[in-house]
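Colleague: Have a look at the structure that comes next, please.
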Amino acid sequence: MKLRVLRISTDTPPPYSDNQASKPVTSQTTAGVGTHTLTNLVGNVMKTVHTDVAIIGAGSAGLSAYRAAKAEGAAALLIEGGAYGTTCARVGCMPSKLLIAAAEAAHDAARTAPFGVHVDGAIRIDGRAVMQRLKSERDRFVGFVVDGVEAMPADDRLVGHARFIDDGLLQVGEHTLVHAKRVVIATGSAPDMPEMFATLGDRAIVNDDVFAWSDLPKSVAVVGAGVIGLELGQALSRLGVRVSVLGARGHVGPLTDPAIRDYAHHVFADEFHFEPRAEVLAATRDGDTVHLRYRSAAGEQVEDAFDYVLVATGRKPNLTGLALNNTSLELDRRGMPVYDARTLQAGRHPVFIAGDANGVLPLLHEAADEGRSAGRSAARFPDIEPLVRRAPLAIAFTDPGIAMVGARHADLAAGSFVAGEVSFEDQGRSRVMLRNRGLMHVYVDRASRRFVGAEWIGPDAEHIAHLLAWALQMNLTVDAMLAMPFYHPVIEEGLRTALRDAVRQLPVEALENRVHPALTKHVDAQVVAA
């Protein structure tokens, strides 16, 4: 609904505008200095709220920003345009892991024979029961988030879509005008839908839509071989859905190490149809069937039909509805505010961008950290502290799992590092459990002997990834890492093999120079042998 307004000068200037040019929507003064009202076309007066910090978005970043601002003693207002519940809980991390859990159960049930355990009769997958459990548990997780939000003071919460009217001036829905001294934008992100698939209607879906199914379909084409595409593609395949995963430019999840990427390609291609270098040429709909035509890596044109096309080509920040052009913020060609990645501050304005909304690291723990930093800086403004990043960590919950820690192979300078390798195919504990598929590279700086990163696919990748992230954040050398205990028989012994392989490629140094002083007394012949 458009607004009919009148501009009259006020005693309180906008809080941070460098350019006070006329904006599309303005306000008029009523009783009280700096108090504004706004009327809509039907003449209803809009409520006015003043706050120190307005947080747009009640997701992981927004909730952290709110708590941080309140902890600093600031008045904070949390604005949410949709239903409460984070992306992670509602359509991301948790429902996808519930689908994967069902897929793992089905897969494991079909793999008992090599252990001498035989299941009589066919394994039956009840798609409705799978989705019913997923939704029930998903709703439980969402409920915890909603309970937390609703426990906040009612005056600190506002429901409605927020848009900027001017610097420091927000309109929320058709009911409230918010004057904020500082603003945190934490609006999250949404799946991208290329125009090619827009004509398919409800047969072109994104990951959010999968978790609304009441039953499993018979066939799905997954376009995109990133983390989401691989996780959902493999899970659906293991639940009896015919799946084709079509990637582009050879991407396999987030991997950049050519050897690890090629290994992962073959592992997944052995389980379901996987084309990492496909080019989708056309997508048409005939009733409830989607016809897809694509070019394979070999140059052949392939046509196939599916119930759905699951588009997993990436996500984009939710910024289009904010009317950022009504502010004096500098915007780039994508319409994104130009901001400092260290402080999350947009230019010199008291505006901070946190979580998926800034398009940098769409991970829950990063969103929470960014929200906390943005909320604290907004409350303390102009006293701003740069965000201290944790060690880079990425995990794909495939089987085998994919993980990356620290520097990517693609970002390392040739000759500056050595790559220690281990194959999990003959790794003891992995083979015992028939989970012996995987290849790992750990990267160690030649000059400092410091561990700088790793990429791999293998069993229990999510757990080993945490060990390596902690080691990286502590700036450990490969020698200090080898001085740590490794129990037997465990999958982590594979990590030790990779670390030893890296040491063999490094110059020999005196032992006292290779190990952190605090660990020297624990070094034994095992480390010397490395």
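Note that the numbers count up from 1, one per residue, in the order the chain is shown.
Including glycine, each Cβ sits where the backbone N, Cα and C put it.
In TrEMBL, annotation is done automatically, which means it is predicted and not curated.
Given the structure is predicted, the values throughout are model-derived calculations rather than measurements.
The annotation active site, proton acceptor is assigned in TrEMBL to H488. The FAD binding site feature in TrEMBL is assigned to K97, T187, G188, S189, D356. Per TrEMBL, the feature NAD(+) binding site maps to G224, A225, G226, V227, I228, G229, L230, E231, G314. For 52-371, the entry in TrEMBL reads domain 'FAD/NAD(P)-binding'. Look at TrEMBL and you will find 395-498 tagged as domain 'Pyridine nucleotide-disulphide oxidoreductase dimerisation'. Sequence annotations record features per position, and here TrEMBL assigns region 'Disordered' to 1-31.
Provide an account of the burial state, proximal residues and distances for the features listed.
Modeller: The 10 Å shell around the Cβ of H488 (active site, proton acceptor) contains 8 further Cβ atoms across the protein chains shown.
All chains included, 20 other C-beta atoms sit within 10 angstroms of the C-beta of S189 (FAD binding site).
Look at I228 (NAD(+) binding site): DSSP puts it in a helix. Sequence-distant neighbours of I228 (NAD(+) binding site) (same chain, 6+ residues apart, CB-CB distance under 8 A): S96, N207, A312.
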Colleague: Would you please pick out, from the binding-site residues G188, G224, G226, G314, the one with the fewest other Cβ atoms within 10 Å of its Cβ?
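Modeller: Candidates: the binding-site residues G188, G224, G226, G314. Fewest Cβ atoms within 10 Å: G314.
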Colleague: Quick check: of the recorded positions listed here (G224, G226, L230, G314, H488), which one has the Cα closest to that of S189 (FAD binding site)?
Modeller: G314
Colleague: Can you tell which of K97, D356 has the most other C-beta atoms within 10 Å, given these are the binding-site residues?
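Modeller: For the binding-site residues K97, D356, the Cβ with the most other Cβ atoms within 10 Å is D356.
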Colleague: Which residues in the same chain, at least 6 apart in sequence, have a Cβ under 8 Å from the Cβ of L230 (NAD(+) binding site)?
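Modeller: Correct list: V245, V252, G253, F268, A396, T398, I402.
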Colleague: Here's one to test understanding: among the binding-site residues K97, G188, G224, G226, D356, whose C-alpha is closest in space to the C-alpha of H488 (active site, proton acceptor)?
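Modeller: Given the candidates K97, G188, G224, G226, D356, the nearest one is K97.
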Colleague: Just give me the nearest neighbour of G188 (FAD binding site) among the binding-site residues G224, G226, G314, Cα to Cα.
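Modeller: If we rank G224, G226, G314 by Cα distance to G188 (FAD binding site), first place goes to G314.
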Colleague: Should T187 (FAD binding site) be counted as helix, strand, or coil on the basis of DSSP?
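Modeller: Reduced to three states, the DSSP call for T187 (FAD binding site) is coil.
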